[in-house]
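**Q** When I checked Swiss-Prot for this same protein, it listed these features:
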- GLY8, ARG11, ARG91, ARG137, ARG140: CTP binding site (BINDING)
- GLY8, ARG11, ARG91, ARG137, ARG140: ATP binding site (BINDING)
- ASP21, ASP23: Mg(2+) binding site (BINDING)
- 226-327: domain 'HD' (DOMAIN)
Amino acid sequence: MRCLLVGGAVRDQLLGRPVGDRDWVVVGATPEQMVAAGYLPVGRDFPVFLHPRTHEEYALARTERKTAPGYHGFVFHTGADVSLDDDLARRDLTINAMALDEAGTLIDPWGGRRDLAHKCLRHVGAAFAEDPVRILRLARFAARLGDFSVAPETLALCRRMVEAGEVDALVPERVWQELSRGLMEARPSRMFEVLRDCGALARLLPEVERLFGVPQRADYHPEVDTGVHLMMVLDTAAQRGVSLPVRYACLGHDLGKGTTPAHILPRHIGHEGRSAALLAPMSARLKVPAACHELADLVAREHSNVHGSGNFDAAALVRLFDRCDAWRRPERFELALQACECDARGRLGFEQAHYPQAPRLRQALAAARGIDAAAVMASARARGLNGPALGRALHEARIEAVASDPACQRPADQAQQNG
């Protein structure tokens, strides 16, 4: 029985990156021998065991055979007769098909170390085409490694898989799992570039695919192309280290620009509402978590108002907070501001630009939330107000709190006073 370190841990060690979870393959053993040695069986589809002390995963070497379309259409074979080369041959990419033995010797039958040196993502063999999830994994690794290219033969194979309808059989949960992980990588734009290059983006996210080639006003967007802008926004979000809900909101904020009537281009009047309308079925189709979708919907509807809020007076600011439910959910509003700032910076030449809207909105919300709401309501009741009039009194008190805070003044008003 031989135990060897395999997969991502070997890859990351060779790259000099931090090694996360370590996966092991066991050659020359049976499930009964593993249990007898104290390993805890946990695998559902094939024999996987937890080490009795480290609790790391140890999987018996296996082969797999395609029996039906999609992600689940496989039959696995494990046994003491399955060799290490057999097991490595079923893996997706050469850089993930390496192993280290007990002595620290690298076993690399598919040239993974060479491809690491050349920064190339290359499939191991024809078995890659048997699992459509591997297209998503390939794209995710492109996002993680950033400057790695995809081998031409691998890209061609992915195109054939897409044309054969393999990605159409993917279950939504699996698509979201890989998409969400890719959004959290260092360069999310690379994931979408790879998916687009092989034709998978149009099948999986047609709402995003149609943004490429759609022009925007060059005075606002020097990069012009809406798809290019979206990629810049996603990479800005990654650079700023924001959370998954914020990154998904960035992904969905401009979907409506893909359906702008041609005769009004490059303007995009009303794209906010169209973005929200397209976002809802996309989130439902992918089974996106509620926290991600709700923030994305808010950002889609309100990002233009946030961008333009520098010209809002106190009353307009309070109305914005009303629409965003910022009184009850200030934390979500903060996430929306983060997404809007990524949007503003995700433009050619604006990557390091100041975004004064965010601090002003934070200050205005703090001022409005700082009033004693109970005292305002009690005073209103003492004046004989009730029903909707109580709500209006609270609304006016919030406006007054914002208007009286010097830090919340509009830049134009400050300039007049200073002049």
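For all residues, glycine too, the Cβ spot is worked out from N, Cα and C.
Describe the structural surroundings of these features, if you would.
**A** DSSP assigns GLY8 (CTP binding site) to a helix in the three-state reduction.
Applying an 8 A CB threshold to same-chain residues 6+ apart, the list for ARG137 (CTP binding site) reads ASP92, LEU93, GLU178. ARG137 (CTP binding site) falls within a helical segment according to DSSP.
Secondary structure at ASP21 (Mg(2+) binding site), taken from DSSP and collapsed to helix, strand or coil, is coil. Sequence-distant contacts of ASP21 (Mg(2+) binding site), defined by Cβ-Cβ distance under 8 angstroms and a gap of at least six in the same chain, are GLY8, ALA9, GLU56, GLU57.
According to DSSP, the secondary structure content of the domain 'HD' (226-327) in residues is 79 helix, 0 strand, 23 coil.
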**Q** Determine, from DSSP, whether ARG91 (CTP binding site) sits in helix, strand or coil.
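**A** Reduced to three states, the DSSP call for ARG91 (CTP binding site) is coil.
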